[in-house]
Ligand SMILES: [Zn+2]
């Protein structure tokens, strides 16, 4: 099917009509018989790309599947997501990576790009099949033990050396386990003492970031810092970039807006790793995103079944949903961010970091048609029960967020129409 997207404001600037032919490619004139999508008053951006999504399949299909996660992604304006490797079994072989990639293609709503594990079973000891995963049909280029830190410097060094050969990147969950162990769940400070929660100090992140940028310099390879959460990490990354070291970084929507004082109610919805930080860190993260020290916003969408999340704070699982709300949170946290900058941090930069051809490209003839159309003035009150995700651990429930995804187009096909899944709409009408 071909499309005419009529009257969209390109990156919030000039008003244009966009034409998509039946191969899903932008062309410079309206194809015959094209369906018209009214985009007047809507901002057109390249489809969003998420560097950090947990889809839970295989292994925890009660919390999320590749299909439901893809639906949540499309509703959030995404056309590509990177699916983290900490599933069961772990994505540490070519077969496992190819399976995730195939299930993503079957769902057909976004490009699901598997992230390969750095080490076998995420055990932090032996390297996983990095080269075989890269040479598989899934063409894995991003590797991460996310959920766990590659804490052994020798293993991290070898992983960086290995992926350098094919232009891969290691995405690190920076958490020194000797400074912040598995129980650490609250930013270490006066509040963690008062609440009696195990502290997760910023330094546990910063020492790993500092070590890894030095390993990236030493090996001449590329490191990506997942979910940066402290001002100190920002300082290190800023220094490393100034030295010409190949480092990129992401921040989550929740670390741009939520602060550690939310933990006073012991609500496990706010339990996340790394933990919510004080306002000074939030301010530093916002500034770093604006000045380009942090390259990208990544959701760390982490669905959990009720029986894993609804516990006493110390026993609950880490993580929160994020795909459907990310754009609204970014707009709410940073109302002065231009639409060109939104496109940069949520589409262009993440596509470049992950090496995803065809994503994060200008909405111009010859390029694949991955587009999100956003109502910039809408205010949406989040309802966790209206989510496509199978999980409900949504920290934004009841909050008003700025802007709304109205239509999403993936490979020239409407996946979201008028704020709802296009396929579901077609079935019910
Ligand atoms: Zn992580």
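Yeah, the Cβs are placed from backbone N, Cα and C, and that goes for glycine too.
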>> Given that TrEMBL assigns 146, 227 to the Zn(2+) 2 site, pick the one from 111, 173, 187 that the record assigns to that site as well.
In response: 173
> Can you pick which of 300, 308, 315 TrEMBL lists for the same Zn(2+) 1 site as 52, 54, 146?
Replying inline: 300
> Which candidate from 273, 367 does TrEMBL annotate alongside 54, 55, 56, 86, 304, 318, 319 at the substrate binding site?
Replying inline: 273
>> Beyond the listed site residues 146, 173, 227, identify every same-chain residue whose Cβ lies within 8 Å of the center of their Cβ atoms for the Zn(2+) 2 site.
In response: 52, 84, 144, 147, 149, 171, 172, 174, 175, 226, 273, 274, 300
> ligand 1 is in the model; which of the binding-site residues 55, 56, 146 have a C-beta less than 6 angstroms from one of its atoms?
Replying inline: 146
>> So the record assigns 54, 55, 56, 86, 273, 304, 318, 319 to substrate. If I measure every Cα pair among those residues, what is the longest distance in angstrom, as a whole number?
In response: 17
> What is the interatomic distance between the Cα atoms of residue 86 (substrate binding site) and residue 227 (Zn(2+) 2 binding site), given in whole Å?
Replying inline: 16
> Using C-alpha atoms, which one of the recorded positions 52, 54, 227, 300 comes nearest to residue 319 (substrate binding site)?
Replying inline: 300
> Any idea what the Cα distance is from residue 318 (substrate binding site) over to residue 173 (Zn(2+) 2 binding site), rounded to a whole Å?
Replying inline: 14
